[in-house]
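Novice: Handing you a structure now.
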Amino acid sequence: MLTYETWEENNVSFSEEDETKGALSVLSWAYKEYEGEIVYACSFGVEGMVLLHLINQVNPSAKVVFLDTNVHFQETYELIQKVRERFPSLNIIEKQPKLTLDEQAKLHGNKLWESNPNLCCKIRKILPLEESLANEKAWISGLRREQSETRKHTKFINQDHRFQSIKVCPLIHWTWKEVWRYVYKHSLPYNPLHDIGYPSIGCEKCTLPVGEGGDSRDGRWAGKVKTECGLHYQ
């Protein structure tokens, strides 16, 4: 088994010349390699809809974790229910932070997402994902190279130093248009916020719509240097 510790033995390669640009092959390999020790960390963005559909074909009982920060858009929570109905056999886990919003405010002040967004992300996303990955050998992410400068070198299989794990990214070669084409082709549910200028959807407090021609991550932590929550730093 390929693990974080045995990374030097990595000799896995995949063809990108199929209909899914390698995504199904990558997922088939991952679930065979790790069996029950892999989880998909899903934010329920539009890429997530594609991956959930593909994963359901490969492993209908796969584990899916959603990092419920308690400050997501209502549309996101409604979408999760639609996904549960569309893919009832998937094991979708809504992972909560240890601190409630009230407890966080007492410790760090109100609106931590404004005063210290990095700490807010650590409490409400990074630490919960660490807990979710504690007993896993690998995790799946919907990163695409096209999304931003920080993601353009992502590979199918990555040694993830942040979580000391293997990070599997099946959609790295997909374009934004290809993602949507797949969603429409298979009549997949998606977050209606995508239709009003939100290409990337995170917490309600830190996500704004993006103007035409903007980077897909421009609406995240707008006005700050920050463009990543910290889950994908190497």
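Quick reminder: no glycine exception, Cβ is built from N, Cα and C everywhere.
Pulled these from Swiss-Prot:
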type	residues	note
ACT_SITE	Cys229	active site, nucleophile
BINDING	Cys120, Cys121, Cys203, Cys206	[4Fe-4S] cluster binding site
Novice: Using a 10 Å radius around its CB, how many other CB atoms surround Cys203 ([4Fe-4S] cluster binding site)?
Specialist: 22
Novice: In the three-state scheme derived from DSSP, which category covers Cys203 ([4Fe-4S] cluster binding site)?
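Specialist: Going by the DSSP assignment, Cys203 ([4Fe-4S] cluster binding site) falls within a strand, counted as strand.
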Novice: Per DSSP, Cys121 ([4Fe-4S] cluster binding site) is which: helix, strand or coil?
Specialist: helix
Novice: So among the binding-site residues Cys120, Cys206, who's got the most Cβ atoms within 10 Å?
Specialist: Cys120
